[in-house]
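Colleague: From Swiss-Prot, for reference:
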ACT_SITE  Cys102  active site, nucleophile
ACT_SITE  Cys199  active site, cysteine persulfide intermediate
DISULFID  Cys102-Cys199  disulfide bond
SITE      His127  site 'Interaction with tRNA'
SITE      Gln340  site 'Interaction with tRNA'
Amino acid sequence: MSNKDIRVVVGMSGGVDSSVTAHVLKDQGYDVIGIFMKNWDDTDENGVCTATEDYNDVIAVCNQIGIPYYAVNFEQEYWDKVFTYFLDEYKKGRTPNPDVMCNKEIKFKAFLEHALKLGADYVATGHYARIRRHDDGHVEMLRGVDNNKDQTYFLNQLSQQQLSKVMFPIGDIDKKEVRKIAEEQDLATAKKKDSTGICFIGERNFKTFLSQYLPAQSGEMRTLNGDKMGMHSGLMYYTIGQRHGLGIGGDGDPWFVVGKNLEDNILYVEQGFHHDALYSDYLIASDFSFVNPVDLDNGFECTAKFRYRQKDTKVFVQRESQNALRVTFDEPVRAITPGQAVVFYDEEVCLGGATIDDVFKTTGQLSYVV
């Protein structure tokens, strides 16, 4: 089968990465369709939402490269599957990663299902990741060539079935080359800056945005010894290891968030970047997903990331229970945060990931959320 007989539906955001993705596929002779996903009702609140501007950029790019385009509305799916999860996690005192859930439920589920109805053989996105396809039909997900832009961390929940239908055309090149291609082709998005906001919601004042959906309750900031250091403006606004926004003056080392007490609405803080309370030895995680089978019963060694762009840490992964994993670190790790993803790697291969629930020292539970 030649490329012209293979239909690829591209998820286009109005950014330079998805624009170049569509161009590369078109240039390679594929039957390409561009789809813009509208997943957030920008009339819901007063934040600056760029959906209209982004769609106009999609139209301009699709016209430039000569492919058909459509807009599809997934607002209900996004609200039900991603945003309610996002809010529920904050209510629990955790720090969620909406991009992970957005990829799992929207970009590679709702969008993939829609694309298949359009006769797609594959979907493609502008993610910095790679797919390795084997002769027996199974696939592996690899880190993007541009290590600084690699996005496998956010794609860790994708299944073998999903990835078998996915292409990541720019995963083999770095960001500078993507910009260069966009400029050489004079694409409308060539000089557009990268978005850094919440998946599909955009860039806005996070504190103001969150307060529109969750009522904030101020409370005391205390040290682990019980000394009162001030007041916090709502536990949901703080994350483990946070330094800024605490409002604690005085001499000496900076202060950092080391824990939350949900029941008594207390934010725990301690002084010093390397305070012992910020370090842990192992974690328990749930909602785990692996691209290919792994030996959880006997356990296995690999490396892991606990946040995006973090250096890999050597770990040992084993089954804790039917629905949970225990991940033990080779050396103590700082500021691991419940609600975030732990993502596993075997060199360049992304094995999968899970959601961090509880974090422990060897001597007992670390009181990040109590």
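Cβ coordinates are placed from backbone N, Cα and C, and glycine is handled just like the others.
Values in this document were obtained by computation on a predicted structure and should not be read as measured data.
Map these features onto the structure and tell me what's around them.
Modeller: Under DSSP, His127 (site 'Interaction with tRNA') is assigned to coil, being neither helix nor strand in the three-state scheme. Long-range neighbours of His127 (site 'Interaction with tRNA') (same chain, six or more residues apart, CB within less than 8 Å of its CB): Asp17, Gly144, Gln151, Phe154, Leu155, Phe168, Ile170, Gly171.
Taking the Cβ of Gln340 (site 'Interaction with tRNA') as centre and 10 Å as the limit, one finds 24 other Cβ atoms among all the protein chains shown.
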Colleague: Please report how many Å separate the Cα atom of Gln340 (site 'Interaction with tRNA') from that of Cys102 (active site, nucleophile), as a whole number.
Modeller: 14
Colleague: What is the Cβ neighbour count of Cys102 (active site, nucleophile) at a 10 Å cut-off, with all protein chains included?
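Modeller: Cβ-Cβ neighbours of Cys102 (active site, nucleophile) within 10 Å number 25.
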